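Taken from Swiss-Prot as is:
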type    : residues                                                       : note
BINDING : GLY153, GLY154, ALA155, GLY156, VAL157, GLY158, LYS159, THR160 : ATP binding site
Amino acid sequence: MEGKVLQILGPVVDVEFEGDIPAINEALYVEFEAEGEKKKVVLEVAAQIGDHIVRTIAMDLTDGLTRGEKVVATGAPIKVPVGEAVLGRIFNVTGDVIDGGEEVPADTPRWSIHRDAPPFEEQSTKMEVFETGIKVVDLLCPYMKGGKTGLFGGAGVGKTVIIMELIHNVAYKHSGYSVFAGVGERTREGNDLYHEMKESGVLDKVALCYGQMNEPPGCRNRVAMTGLTMAEYFRDEEGRDVLMFIDNIFRFAQAGAEMSALLGRIPSAVGYQPTLATEMGKLQERITSTKKGSITSIQAVYVPADDLTDPAPASVFAHLDSTTVLNRKIAEKGIYPAVDPLDSTSRILDPQIVGEEHYRVARGVQEVLQKYKDLQDIIAILGMDELSEEDKLTVARARKIEKFLSQPFFVAKVFTGADGRYVELDKTIAGFKEILEGKVDDLPENAFYMVGDLDEAKEKAEKMKAQS
């Protein structure tokens, strides 16, 4: 089926057909010459506006496209390659390789990016902890297998490093695959991530899909679905537990708002699209556990002007099972990962799911840290000497806990020179339990800094003692 370009309004292109017209979400393509170069732009049908005309959204820049150009309907939605062939490669929204390497093999299966969420009877209702090997996460804001986690933090507090460590740990411990969707973020960051993954040796376990800030809104919105489709294949066809990273989910909503305005829809609150909740729900409902496998997603959430009531982040919160909040003040103390132990939450930190002991230890740790936070004003004004003996003990334990929440990362070895640590959940719980019970009150607090489990902290204390 062929048509011709009728009108071009930036990324919105109207196409006229004779006879039948393509369905909503069908992919069309137009080949044209611009400045002596051959270009091929994929268009996706967004609306049928009557008189055999469809309104489409372009997945690439339309610079140089002119009226009357021939448009070809593919008869299907955008289809992207899936399976083992996508690992270690970078793709764009339409599934083309953009890392400068060779194309994926011709026999690679391709799936449509528009898919339904798994039916209820196939979904798993089990609530299980997804062990990450990162102490602060596993103890205080455990991730749920097949759940969704929001990663909140400003620029430069270590979101990317945590994402890379999680990719490393899921490959190392669960021999699992990860998919990373770069949605509307900086090209430089995408480039850095690729090279850092190459250096730290996790690249062959991850597929990357990029739709960067400089791309049209159609590309930035749909690239999240491209990545998700690749993850769904590993879950549904290979029965794997997959990690899905979206950086940044806010840009998905932002691109949707741009598309909506360009299509002439009436905006809702703060200028967002009227279908914001529907679009977010469609994407998030596909991220789930089935009886075959699971997709556990970690989504970086940018909060515009730190306003948590903004419709875009608010539409994300409705879907999250846990939140990992990164805090600059903690990073300034040199404690990495800079996860805020009092602000981060998880729906599954419940004695019926994680067990009584884990719950008690986690709440105990938060209680001690909260007390320490409350005492900080007194310490700043009057000094430690004015505190009661009980408060002094609380402060000493809190400082040990704070230091013990740090740990060396495998992917940061290039910067720190220290080997990474993967700490099993039971060792994490046992370690913090001993600190709370006062069994290690005699050890210096520096022995707890940047170590794995408590045994390592004890060894470090012995070494410090021998050196002094």
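For all residues, glycine too, the Cβ spot is worked out from N, Cα and C.
Note that this is a predicted model, so its numbers are computed, not measured.
Structural mapping of features recorded in Swiss-Prot.
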{"residue": "GLY153", "record": "ATP binding site", "contacts (Cβ under 8 Å, 6+ apart)": "LYS159, ALA300, VAL325, LEU326, ASN327, ALA338"}
{"residue": "GLY154", "record": "ATP binding site", "contacts (Cβ under 8 Å, 6+ apart)": "LEU326, ARG328"}
{"residue": "ALA155", "record": "ATP binding site", "contacts (Cβ under 8 Å, 6+ apart)": "none"}
{"residue": "GLY156", "record": "ATP binding site", "contacts (Cβ under 8 Å, 6+ apart)": "ARG328, ALA331"}
{"residue": "VAL157", "record": "ATP binding site", "contacts (Cβ under 8 Å, 6+ apart)": "LEU326, ASN327, ARG328, ALA331, ALA338"}
{"residue": "GLY158", "record": "ATP binding site", "contacts (Cβ under 8 Å, 6+ apart)": "LEU326, ALA331, TYR336, PRO337, ALA338"}
{"residue": "THR160", "record": "ATP binding site", "contacts (Cβ under 8 Å, 6+ apart)": "GLU189, ASP192, LEU193, GLU196, ASP247"}
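The secondary structure of GLY153 (ATP binding site), as reduced to three states from DSSP, is coil rather than helix or strand.
Taking the centroid of the Cβ atoms of GLY153, GLY154, ALA155, GLY156, VAL157, GLY158, LYS159, THR160 as the ATP site, the other same-chain residues with Cβ within 8 Å of it are LEU326, ALA331. Annotation note: GLY158 (ATP binding site) sits in a coil segment as assigned by DSSP. There are 24 other Cβ atoms within 10 Å of the Cβ belonging to LYS159 (ATP binding site).
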